[in-house]
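Notes for the one structure printed next.
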Amino acid sequence: MNKSPIEEEFDLRKQHQKLLKKNCQKEIEDFVKCATGRTFSVTWKCRSENKTMKDCLTKAADEISEWQIRSEYNKAKQESFIGKQDEKK
């Protein structure tokens, strides 16, 4: 089944976010642990955890290029297409 360009875009962004979250799992868990059970006080009580988490995600986003993921996805898509063409011959 072929995906629409919008579905492909959604999948690529989801894959990129998954990699970012995996890379910063500890920082995210630390922030969640601090924020659990708080409402307004999260702003000042969890400031350092929030900064650490954001810094990690920013650094990971610089290292894990969304365009690299797109390139790998397109390469796999082309290989799949070529494989199907070879089967038809």
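From the backbone N, Cα and C atoms, a Cβ is placed for every residue, glycine too.
It is 46-56, from the ranges 35-45, 46-56, 57-67, that Swiss-Prot records as motif 'Cx9C motif 2'.
Around the Cβ of CYS24 (disulfide bond), 22 further Cβ atoms fall within 10 Å across all displayed protein chains. Taking CA atoms as the reference points, CYS46 (disulfide bond) and CYS56 (disulfide bond) are 15 Å apart. Cβ contacts within 10 Å of CYS34 (disulfide bond), excluding its own Cβ and spanning all protein chains shown: 18.
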